[in-house]
Amino acid sequence: MFFLRKGKERVHTAGSHGHKPPVPSKRSHFTTSDSESDLNIVERRDVLIEAADSIYDIPKSKLFIEDVGASEAHIAKDEVLGPSVKGFDSPKDFNIQGLTLPALAAVQVKIRTLVLHKCVTGDFGFSIRRVQFSSNKLGGVRTVVFAEPSEVWAGPPRPDDLKNRLLPGDQLIKIDGRNVDTMSREELQNAVRSAGDEIVLEVKSMPELAEFCDRKSRQSGVRDEGDQLMLGHINTTLYEDIPEDQRYWLIHKGGYTMVRLVEYLSDGRALVRIGAREMTVDSTDIDRMNPAHLDRIGDFASLRYLNETSAVHLLRQRFGSNLLYTNAGLSSIVCLASLEEDIVGEDRLVSLFKGCRRGQMPAHICATAQQIYRNLQMTGQDHCIALTGVSGSGKTTQLRKLVRYFAEVAGWTHTLPYDKLALAMGVVEAFGHASSALHRDSTRFLYLFSLGFDKAAALRTGRFQVSLLEAERLGRVCGVEAAFHVFYYLWEGADGELRERLRLDSIEQPFIIPYSKKEDKQSAKEAWERLQHAFFELGLTQSQFDAVNSVLAAILHLQAAGCTPGNAQRAHFLRVTHAQQAAALLGVSTDELGDALFRGKTSGNKSALKVANASRMALTSRRSESSEVLLSFCAGLYQELFYTVVELINKAMFSNSAFSWISVLDYPGSTFHINWTEGKAHRALGLSDLVYNYINECVTELFYNTCFVDAQELACTDIDKRSEEKRGLFAILEEESLFPGATDESLLERFFIHLGDDSRYTELQFCFRL
C-alpha cells in the first residue's frame, strides 16, 4: 500500500470522538515551502477551501490561458529549444503565461431532505455531534454539525436508506427550515425537543458514501435521481472542441496543462497547440490524456491511458472531491492526507463495509481491510500489509484504522477489544515517537504489529515486534528534532510526590527543551495521565510503572551530570550530585555507574572481557570520547527500557489460541524530501536516516518484485511450459495458420523447430521428401 504525502499543515479537531488514544494526537504536517513544484496534487488546496459552504465542497477553479495571438491574424508558432527530457530531469519552463493546472471539479454531493418520525422511545433515532476545526479565513474556528444515526445497518446503503434514513457522516444543514450554522448546542437540542411527531432535516452525505452509492448505481445500470448521492459526473463536454485522440497533457514546471496534438514530427518532437499558439516540444514532454468521465475513477487500472501525468491528475481530481483513497490494482491503495480525515467518524463506516465483496465497495482503507479479512476467512492463510510513504505521510494513522476495522468486525468474542489495542499502541507510540523536521509525531522505530485470529476468524491476540529504535536522537535534541514524547510527558505531568522521588526539580537545564506554550504543557499533562491509565489497564503493576519512571529520570540526570572532555577511560562526572541521583534510581553505587559508563566495567568479569575483545576487533585505534560514551550509554539504557515495555505489553495481549495472523508493517518514512521543510539550514542526515531510507528502498523493491516480477515470472513459466510441449502435425498447422502471412516455408520451419530432435523426424523428412 502506497501512501503519498500531502504538503499541508493539519490542525487538531475538538469534538466528541468515540475513544481517544492514550497519547494526544500530534500528527500534523509542517508547512513546506520548497515543494510547490513537487506536490502538484494539493496545489491551492488551502485557498479553495475558504469559500466552501460545506467541509466537502470545493469551489471549482478556473483555467486561464491567455490568447497571446488573439490580436494577430495568424497563429503564433514557437519552437522550444533545448535537450530532450530524459531520465529524471526537471520539467521545462516553457515561458508561456497561462500554463496552469486543470480546474478541480467541485464536490457534487446531493442535499437530501428527510422527514423523520418519532420512535417508540420518544426520540427521532439520531444524535447531534458538533466538530470544530481551524478555518482558513481569519484563523478562527469553524463548526460543523453532524447528524449521526443511532443504529447503522450492515452493508452498503439501500435505495430506501438514501430517501428515508440518515447515514453515517451526514452533515446537518437545516432543521425545520432553520440553518444550523449559527445555532449553539443548546439551540440545536431545543430545536429537536420542540419538534412534534416529525422533524424535517436537510443533510449532505460524506464523499465516501457518495461514491459508495454512485458505484452501486453504475453497476446496476440504473440512473435514478433519487437513488444516488452524486448530482452528476464531471462535465464530459468540456473538451468537445478537441478530438479525443488529440488531447494530451503538456508537462511543465508548474504542473501540466491540456494541449492539442497537431502532429508528431520525425525528429522525436511533436507539434502541439495551446490556446492560439503552436509550439514544438519533445515527445517526452507530453502524455496521453484520458477521457473526462475517467477523471474521478476509483482505480488506476481503469484508466485507458496509464501514465504519470494521468495518475497525478486522477489523484488531484479525487482529492478535490474529498475522495482520499484510490485503488492501484488489486493489491495496492493510495491515500492522501486531509484536514477533514479525522472529522468524520471512521468507526461509523465499519458497519457499512462489513461483509461486502470487493465489487460492492469503493476505494477505501476499510475496503482493503475487508478484502484481507475475507481472504483470511476463506483460506486461513497469513496476510501482511506494508505501509509505505515518506516521513509524515500518515502511515501510522492508517495502521490505526486497519486495527480498528479488524477489531470491530472480528471482535465478537470481546477477548481483545479495540480499546485495549488502542491503549497498547498509545504506550508504544509514547516511547517510540518523537517530533522531527517533517512531522510532529514521527515514528522512530520499525515495528510489525500482528493480530492473531482463531479458526473461526475471531480476534484473539496481538503482538508487537520492534527493532531499529533511533535511541541516538537523545543526544541531538535541537529545534524541531525533539526527544521521545514520554520525556516531555514525564517532565510536565509528574505530580509533587513523583517529582520529589525522581528529583526532577533539581535539574535546572534538562537535555530536552521543555514546552513553553501553555496549551502544549496542558496537552503533555493530559497525555501523562492517559499514559498512566493505559499502563494499569494493560495489567502492569505499580512497581513496574515506578521502575519505568526511575529509568527515564535516571537518563535525565545522567545527561544533566555531564562528563569531563577527553578520553573516556580517564573521564568522570562533572556534576556528581546528578550522578548520585541517577545511580540511586538505577539501584547501583556512583562508582559502579561510572565504571560501567566510562570504562565498561561491571561487578562481573565477563563484561570486561567482552569490552577487551571488542577493542581488539575495532576498525580504528581512536579512543572513545567521554561525551560519545555518555550518549551511547543513555541510548542503550533507553533502548533496553523500550524493549522491556514492549515485552510487557505483549504479555498483556498474549493468547495461544491464534491460528492465522494479519501483520501490518510500519516504519519511519524516507527522508529524501528533507529539503521540503522550512528553515535556512538542514542538519546532515545520520546513520539512522541512512538505515531508514534503505528500509524504504527494500520495501519498495519488495513491492515491485511481488506485484510485477513474480507475476511476470509466473506467466513466463506457463509460456515456457507451453513452448516445450510436444505438438502433433495438426496442432502445429493450426498454430501457424493464426499468423498473418504464413507460408509453406514457415510451416516447414515450424515443423523442424518442434520435431527436429524427435525420433519421428526421419519419418517426417521422408513424408515431405526432404
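Including glycine, each Cβ sits where the backbone N, Cα and C put it.
All TrEMBL annotations are machine predictions without curation.
TrEMBL lists G389, V390, S391, G392, S393, G394, K395, T396 with the feature ATP binding site. S393 (ATP binding site): 25 other CB atoms within 10 A of its CB, across all protein chains.
Taken from TrEMBL, the feature domain 'PDZ' covers 113-207.
Among the features that TrEMBL reports, domain 'Myosin motor' is placed at 295-770.
Taken from TrEMBL, the feature region 'Disordered' covers 1-37.
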DSSP-derived class (H/G/I helix, E/B strand, else coil) of G392 (ATP binding site): coil
For a quick check of packing: other C-beta atoms within 10 Å of the C-beta of G394 (ATP binding site), how many? 25
Least buried of the binding-site residues S391, T396, going by other Cβ atoms within 10 Å? T396
Over the domain 'Myosin motor' (295-770), what does the predicted model average in pLDDT? 86
